[in-house]
């Protein structure tokens, strides 16, 4: 296929992706779900699970294998920029406000999923279609633990913000615990990626390089980046020069993490965390977020959907493994976060709300499993199981949270916290 033909295919693919993702996303919004849930489902619909099953010839003509590299580049650029924007939304004051309680909830939300992953993986690693033959038991356990433990921090923040709970004790605790949870899961994933498929020498180099780069960004880069604030003018859009510098830094940061053997999304996220809070990050989000969310993320959802084959879930062994993973994901993490919140003194309503919010995986799950599939840690069966988990957990999050808040609106202290007993 020539470059001209690939260009023609890409524009047609982009039009189809935007049409389907917007329609399904708006439908999801009409029934009270976040639009991103609909777009995640739309990506799966465009793949072999629906479009390819109903009209295989047309689906293969619209998405030929030769064009997947182009779609992959747009998908990776989009998810990298999205993680950069997520990083700009992290707030240090949340950490300081509810540090101890959040650490307890976060540790429970990490420890229990990892314990369950380590308990299940001696069985799961022997099920065909889940893990790569190259994956060792430790790598498989760590990856599955990270996939179960991850929280959809951007979605959690959106729900908290929409309910006006950002500065409330519940909102602050949920945001802080979610941030700690995700940070730990991403760090563990970095270790898995660094160790997989290479010698321990290259793993140590990747981990050491990642830690050194993160330390440089946090302790040195953060202060250098503050100089960008002087070029920000209130009540005016961000200048093209400043935007160009930040996008250049994003590309360099993403390249640095890729070059040392981790993943580009870590570089984008780290740069976002280190940018100074205030007018600069607000204007950046105003400029970049619409393009990233409306155009680039649907590319990522579709790229994920094209690799999702839900029919593999009908295989008895994979179906049984999928049920076990889903049960561990929903029950294990939700109960762990609820119990930790109760032990640290939260009332029953807030503890249940935190458990429901921490259980949503959303886009973060899709990012992790795409990285795992790309690195060769997991195979098609586990990828499809975890895509299903991402969609179901995200579908449940908002209705469950709203039900808890309504159901327990006037009985927040009806059940004393475990710390009071």
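The backbone N, Cα and C atoms fix where each Cβ goes, and this holds for glycine too.
Those TrEMBL annotations? Automatic predictions, nothing curated.
A quick note: this is a predicted structure, and the numbers were derived from the prediction, not measured.
If you check TrEMBL, you get these features:
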DOMAIN    17-405  domain 'Cation/H+ exchanger transmembrane'
TRANSMEM  6-28  transmembrane segment
TRANSMEM  40-58  transmembrane segment
TRANSMEM  70-90  transmembrane segment
TRANSMEM  102-125  transmembrane segment
TRANSMEM  137-160  transmembrane segment
TRANSMEM  203-225  transmembrane segment
TRANSMEM  237-256  transmembrane segment
TRANSMEM  262-280  transmembrane segment
TRANSMEM  287-306  transmembrane segment
TRANSMEM  318-341  transmembrane segment
TRANSMEM  353-375  transmembrane segment
TRANSMEM  381-401  transmembrane segment
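With pairs at least 6 apart in sequence, the transmembrane segment (287-306) and the transmembrane segment (137-160) have fewer than 3 Cβ pairs within the 8 Å limit; the two do not touch. Annotation: stretch 287-306 has the most Cβ pairs under 8 Å to the transmembrane segment (40-58), among 102-125, 237-256, 287-306, 318-341. Residues of the same chain lying 6 or more positions beyond the ends of the transmembrane segment (287-306) and with a Cβ under 8 Å from any Cβ of it are 13-14, 17-18, 21-22, 36, 39-40, 42-49, 63, 68, 71-72, 74-79, 81-82, 85, 237-238, 243, 363, 366, 369-370, 387.
Put simply, of 70-90, 102-125, 381-401, the stretch with the most CB pairs closer than 8 A to the transmembrane segment (318-341) is 102-125. Across 102-125, 262-280, 381-401, the stretch most heavily in contact with the transmembrane segment (70-90), judged by Cβ pairs under 8 Å, is 262-280. Beyond the transmembrane segment (381-401), the same-chain residues lying 6 or more positions past its ends with a Cβ under 8 Å from any Cβ of the stretch are 32-34, 36-37, 40-41, 44, 124, 127-131, 144, 147, 152, 155, 159, 304-305, 307-310, 312-313, 315, 318, 321-322, 325-326, 329-330, 353, 356-357, 359-363, 365-366, 368-369, 372-373.
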